[in-house]
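K.L.:
Sharing the record's features from Swiss-Prot:
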TRANSMEM  29-49  transmembrane segment
TRANSMEM  77-97  transmembrane segment
TRANSMEM  105-125  transmembrane segment
TRANSMEM  147-167  transmembrane segment
TRANSMEM  186-206  transmembrane segment
TRANSMEM  240-260  transmembrane segment
Amino acid sequence: MMSPGSSHSAMISEMSGLTITQVNLSHAPYNMIAGAIGAVVLTILALVFKDYGEQHRQAYLAEQKESEIKVIEGVNVLYALAPLIPLVILVIGGTSLQQVPGLEWTKMGVPQAMLIGAIYGIIVTRISPVKITEEFFNGMGNSYANVLGIIIAASVFVAGLKSTGAVDAAISFLKESNEFVRWGATIGPFLMGLITGSGDAAAIAFNTAVTPHAVELGYTHVNLGMAAAIAGAIGRTASPIAGVTIVCAGLAMVSPVEMVKRTAPGMILAVLFLALFML
């Protein structure tokens with residue numbers, strides 16, 4: 001959720017007039033606390049369910065005994081820095097650090113920072129510019145298509161709701177019953193993420209329909225919009241049909257439901273934290 005390339009950050013940035021970096025820095029404390037709540041609860045449940053111990057280690061080693069294990073020796077620091085270059089540029093350019101003499105050039109957008117990172121990658125890896133250009137635009141195209149597909153679907157859904165008058169009725173209700181906003185903005189996307197296994201569509205639909213009216217409802221665009229986005233991501237984490245849950249369950253060779261038994265309690269507490277303290 002704190003990635004400069006997040007579609008949610010870009011959407012809220014456009015609504016609020018802030019840069020993407022400023023949007024991410026605004027919600028970062030709540031994001032990290034929600035993550036910490038989930039991690040602590042997951043650790044406690046691991047102890048309760050006894051998901052640790054020598055028997056688990058021996059079982060894993062027995063399964064991997066016949067597998068070929070490649071040991072990676074040494075780390076190329078220049079390679080490791082490549083993904084961080086755009087992020088560091090955006091963080092410096094989006095904060096007061098850009099006013100330091102010599103750092104004024106860091107004030108730029110996400111595409112420019114990504115291009116600088118790509119050029120750095122070409123230099124340190126000494127790979128063919130043709131190959132890295134193909135991979136760069138291939139990755140950019142796939143990401144753009146996936147994000148744009150969700151945004152179009154959410155926009156069509158919201159347009160349908162607006163045509164029926166449902167959005168206007170909901171906004172009017174929320175203006176008169178302001179206390180329901182915090183729960184609708186968090187529990188709604190959370191439940192949709194839980195049910196569908198994808199929190200992005202629900203959060204984008206909410207942010208398209210409701211977040212533009214955030215000031216009328218007594219909230220900032222950043223807090224209301226990013227609370228919905230984070231809640232949707234939390235709901236996805238607690239969903240047994242989410243892609244990441246299915247993959248992790250396959251790696252652990254357990255049922256996705258067993259995974260959710262351990263992730264859902266922490267996610268529920270995290271979304272309650274967002275509702276009570278972020279909004």
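Here, residue 1 is simply the first one shown, and the rest follow in order.
Positions of Cβ are set from backbone N, Cα and C atoms, glycine also.
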K.L.:
Who are the long-range neighbours of the transmembrane segment (77-97) in its own chain, taking Cβ under 8 Å and residues 6 or more past its ends?
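P.N.:
Here the qualifying positions are 4, 19-22, 24-25, 103, 106-108, 110, 113-114, 116-117, 120-121, 124-125.
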K.L.:
Checking distant contacts: for the transmembrane segment (240-260), what same-chain residues at least six beyond its ends satisfy Cβ-Cβ under 8 A?
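P.N.:
Residues 193, 196-198.
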